[in-house]
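**Student:** Below is one structure. I have some questions about it.
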Amino acid sequence: MKFIIKLFPEITIKSQSVRLRFIKILTGNIRNVLKPYDETLAVVRHWDNIEVRAKDESKRAAIVAELTRIPGIHHILAVEDRPYTDVHHIFEQTLEMNRERIEGKTFCVRVKRRGKHEFSSQDVERYVGGGLNQHVASAQVQLNRPQVTVNLEIEDERLILVTARYEGIGGYPIGTQEDVLSLISGGFDSGVSSYMLMRRGCRVHYCFFNLGGAAHEIGVRQVAHYLWKRYGSTHRVRFVAINFEPVVGEILEKVDDGQMGVVLKRMMVRAASKIAERYGVQALVTGEALGQVSSQTLTNLRLIDNASDTLILRPLISHDKEHIIKLAREIGTEDFARTMPEYCGVISKSPTVKAVKAKIEHEEQNFDFAILERMVEEATNVDIREIAEKAQEEVAEVETVASFSHNDVILDIRSNDEQEARPLEVEGVVVKSLPFYKLATQFGDLDQSKSWLLYCERGVMSRLQALYLHEQGFKNVKVYRP
């Protein structure tokens, strides 16, 4: 099978040297993501597209799913590469491929041609379109907004028949821009803002301020790992966790109620800036949107920025909440966010919307900055690929099994598209489906007299979810690793 990868249009208008660099990076990213699916897979770069060739037809759906999530790809064409002798031969092959597809529908033919030929692209469009119209009585030519567009590409003596088109997410390939550090809370905003910077070509590292204990960190790890695995797995990234409970305690004790929200955000920016400096990261990313909460007025945002010299990027600054939730739904983080606790909003009962710099600085004089320094020094730094190993250490009390008894039920917690692409079939045991993002709210509805064996392909999500469910009091949970 063969796919032609079309580049994000902004890549094609770059200078020759920049364009070649972007294409080279994108080619490497594609190869890194797809190699586990097919060792014989070939990725070949050209000036205006990238070819992907694979032999294992059973992996087609999985390969397509991965390609649609790699930044830098505008769309993917599944194609069949055939020789041809003349224009009539092109028509015959097109009719064979598209007869059923255009029956009872309006259609048009679009041709792209490269090389020297005795005919033009328009000649082929007219000939093939007219022939299809004659041989498929129920079909009708319609050049504007047809129901079906028959796409053909001709390269020298090769005919490329497009069998399917899949839309990519666009953007720049990850690695073409510098690294950023996302302040992730697990909510709607931080997940979407992280995705938007990945889509713009940045390698996104994650910094989490833990205000709610182990369960909160587990939940945020799941979000970060999901975003990385789905959109950024071409590169290694860090997940840094900072215990901020002592900092919050100091603020509650030493800072005036109305100033707490802004002071807390300034402390977060200071801490994140130190982490960014430690690892050579150029900018911070937050999910703040103008006016969404009291700390996100222009006056307060400016004061928050003044806490550090590090550049702060706010990709959602002009987005409303409805649009942010829609984006979260599209990228798959909505269900995470809906079950994630929010702690920052409850720190102050009557927060100021227009903080005064002198007053904020006066309140911060009462703060013991040694606490902040200590928390930054004690921050944990994990390669996001090692989250599975760290989860394994933390869920030692959660049993991992490869076989099952009469009371066991396997619970496939993979996302719906993964289950459709690679269905789980195990003889001798019932297999049920409940995507991981629904476990927090729906696991309690399952038959608790059964022993539930959580399954995911790599064991990362199943271990994290098993730990979370154990902490919620569900002891009838194990991890299934065949």
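First residue shown is number 1, and so on along the chain.
Cβ from N, Cα, C; glycine included.
Small disclaimer: the values here were computed from a predicted structure and weren't measured.
Okay, so Swiss-Prot annotates it like this:
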- Cys456: active site, cysteine persulfide intermediate (ACT_SITE)
- Leu183, Ile184, Lys265, Gly287, Gln296: ATP binding site (BINDING)
- Cys344-Cys456: disulfide bond (DISULFID)
- 61-165: domain 'THUMP' (DOMAIN)
- 404-482: domain 'Rhodanese' (DOMAIN)
**Student:** Just jot down the residues in the same chain as Leu183 (ATP binding site), at least 6 apart in sequence, with C-beta under 8 A of its C-beta; none if empty.
**Tutor:** Ser190, Cys207, Phe208, Phe209, Met268, Ala272, Leu284, Val285, Thr286, Gly287
**Student:** Out of Ile184, Cys456, which of the recorded positions is least crowded by other Cβ atoms within 10 Å?
**Tutor:** Cys456
**Student:** Compute the C-alpha separation of Ile184 (ATP binding site) from the residue listed as 'active site, cysteine persulfide intermediate', stating it in Å without decimals.
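**Tutor:** Between the Cα atoms of Ile184 (ATP binding site) and the residue listed as 'active site, cysteine persulfide intermediate', the distance comes to 24 Å.
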**Student:** Need one number for the ATP-binding residues Leu183, Ile184, Lys265, Gly287, Gln296: the maximum pairwise CA distance in Å, whole number please.
**Tutor:** 16
**Student:** About how far apart, in whole Å, are the alpha carbons (Cα) of Gln296 (ATP binding site) and the residue listed as 'active site, cysteine persulfide intermediate'?
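**Tutor:** Distance (Cα to Cα, whole Å): 39 Å.
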**Student:** Can you give me the Cα-Cα distance between the residue listed as 'active site, cysteine persulfide intermediate' and Lys265 (ATP binding site) in Å, rounded to a whole number?
**Tutor:** 36
**Student:** Given the binding-site residues Lys265, Gly287, which one's Cβ is surrounded by the fewest other Cβ atoms within 10 Å?
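**Tutor:** Taking Lys265, Gly287 as the binding-site residues, the minimal 10 Å Cβ count falls on Lys265.
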**Student:** Counting by DSSP, what is the helix, strand and coil composition of the domain 'THUMP' (61-165)?
**Tutor:** 38 helix, 38 strand, 29 coil
